[in-house]
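In what follows, a single structure is set out as C-alpha cells and then discussed.
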C-alpha cells in the first residue's frame, strides 16, 4: 500500500509499505543498502510471533506523477469486472525502484478464547483454513498458539526458496523464474500428495506462502492443490493478498461443493467475506470495512463458537422440523374449516416450534460439538425424513377416517336415536384432526415454554369456540356447520369417546416408533438427551465416552493435541 505526498520543499515522495516477499523485489539497485540486515531482523521478529512490514520510498517527478494520476483515475472510474486488477497494474508501474527504509514489527495477540473456540469448531467437524498476510514464521507461531498446529503433526511447506530459483532471481530472467517457480510448486504439491496418501494414520499441516499460492491457483494446478489441502488437517496460506484470499475461498466453494464461511476483521478480508457463502465480520480496531461487507457481524472471534454450535444447531433443527411438520398436517374439509385450519388452529404451534424449540440446551451444544454435524450431514432434513413425516400423516388420516366412519355409522348417535349424518361425521372427524395435529406437535416439542402451551392447547380451545360462533350464524353462512356443535356434538358422550380413541390411535404409531428409535437406535442428540434425563450429566466416564465420538486423530485443537500427547497409541488405533 502506498501514499504520495509533497514535502515542504515541494518534492513528490511515494511512501510504500508491504510484505517483505513483495517489497524486496521492488527495491532499486541503489536502494538495497540495508537489505541483508533488514531480512535478518524481519526473520527474528517473525520467529517471535510479531507481524512485520517493510517500509520504502522513492521520489517522483511532476511528469511521472501526472501520467500515473491520469491512469489511476481512469482505472478507479472503470466499471468493468477487472477494475481492481487495473488499479493494481497501475500501482505496480509506480511502486518500483524503491529505497529501503527499514522494517516494523507489531505484536498482535490472539483475542481471548480463540484457541478454545477453534478447538470446539474442530471437534464439530468443521475444517479450518487460515488465510493471512503474515510471514510464514509468524503464521506458524500463530498456528501453534491457536492449536491449529501441534507437535508431531507433519508439516508440508510449499515455498520458492530453493537455490535454483534464488539464482535465477539474481540474474533477473523473469521468464525463467516463472517457469522454474511453476515447476517447483507443482513438484512440491505432488510430493505432498504422495506423503498424505502413504500415511493415513498421521495428521498433516499444509503451509504455503503467497508466491507459491499464485502458481498453485493457476488453472492446471489448482485441482491438485485442493486435493492436497483437503487431505491435510490444517491449512495455512501466509503472505496472501486480498485477491488470493478470495480465490482460495472460491476454489474451496466450487471445488468441494461445500458451504464455506469466512471470518475476518480488516479491509484485506473484504473479498474473502463476499466470496464465501457466509461472511462474518469482526468489528474492532481495524475499521468497519469487514463488518460492512459481511452477512453477520460479531464483536470477537470467540462468539463464533456459540453462533455456530448453539444457534446454528437450533436453527437447523427448528426449520427442518417445522417444514417436515407442514408435510404432515395439511388436510381438506368445509371451506371455512379449510381456510382457518392453517391460519388459526394449527399455525401458531408450528411457528412456536420454529422459534423456541431446543432439543439440547446451549450448555450441551458446547459440551458435545459433534451435534453440529447433524446439520452438516443433513440427517434431519433428508428425503427419508420428509417421506417419513408424510407417511405418518397418511397413517393418522387413515386411522381417523376409518375409526370415525365405522364408529358413527350406522348406529344411533344420541339418545333420541338420531344417526350421524355427513355434517356430524365431518365435524367429528375435523375435531379429531385438530386434536391429533396439536398433540403430535406436543410430542415433537423438546423444550416446552409457556408460549408453546398457550398456542398448542389454545389452538384446540379456539376450534371449539369457532364451532360455537360459526354454528350460531345463519344457515346461509354456516351451511353444514349450523348449530352442529350445540345441538348434535356437545350433548352426545359418543362424540367425546370417539375423539379420545381417535387421538390415542393416531398418535400410537409415532409414539412407538419414536420410543424404539430413542431406545435402540438413538441419534447423537438423542444420546445427549438421555444423559440429561437420566441425570448422568455429572458422570465423567459416560460423558467422556459420548464426547470422544467427536474427536478424530486428525482433528486440530488443544483437546486433540492433549489426547495425542497423553495416549498416542489409542489415537493410532482409532485411525
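The first residue you see is number 1, and the count goes up from there.
Even glycines carry a Cβ here, placed using N, Cα and C.
TrEMBL lists 17, 51, 132, 133, 134, 239, 245, 268, 269 with the feature ATP binding site.
Counting Cβ atoms from all protein chains shown, residue 269 (ATP binding site) has 27 others lying within 10 Å of its own Cβ. Positions annotated as Mg(2+) binding site by TrEMBL: 265, 269.
Through the fold, the domain 'P-type ATPase C-terminal' (291-330) approaches residues 111-114, 116-117, 120-121, 124, 126, 261, 263, 270, 273-274, 278-284, 341-342, 346, 350-351, 353-355, 357-360, 362, 365-366, 369, 371-372, 374-375, 380-381, 385-386, 389-390, 392-393, 396, 437, 440-441, 444, 525 of its own chain, all at least 6 residues removed from its boundaries and within a Cβ separation under 8 Å. The domain 'P-type ATPase C-terminal' feature in TrEMBL is assigned to 291-330 (among others).
Residues or ranges marked as domain 'P-type ATPase C-terminal' by TrEMBL: 331-522 (among others).
Marked as transmembrane segment by TrEMBL: 336-356 (among others).
Same-chain residues lying 6+ beyond the ends of the transmembrane segment (386-408) with a Cβ under 8 Å from its Cβ atoms: 323-325, 327-331, 420, 424-425, 428-429, 432-433, 436, 440, 494, 498, 501-502, 505-507, 509-510. Per TrEMBL, the feature transmembrane segment maps to 386-408 (among others).
If you look up TrEMBL, you'll see 420-438 (among others) marked as transmembrane segment.
Taken from TrEMBL, the feature transmembrane segment applies to 450-473 (among others).
Residues annotated as transmembrane segment in TrEMBL: 493-513 (among others).
Between the alpha carbons (Cα) of residue 134 (ATP binding site) and residue 265 (Mg(2+) binding site) lies a span of roughly 14 Å. Within the model, the domain 'P-type ATPase C-terminal' (291-330) shows a mean pLDDT value of 86, rounded to a whole number.
Rounded to the nearest whole angstrom, the C-alpha distance between residue 245 (ATP binding site) and residue 265 (Mg(2+) binding site) is 13. The number of other Cβ atoms within 10 Å of the Cβ belonging to residue 265 (Mg(2+) binding site), over all protein chains shown, comes to 23.
As a summary of secondary structure, the domain 'P-type ATPase C-terminal' (291-330) carries 29 helix, 3 strand, 8 coil according to DSSP.
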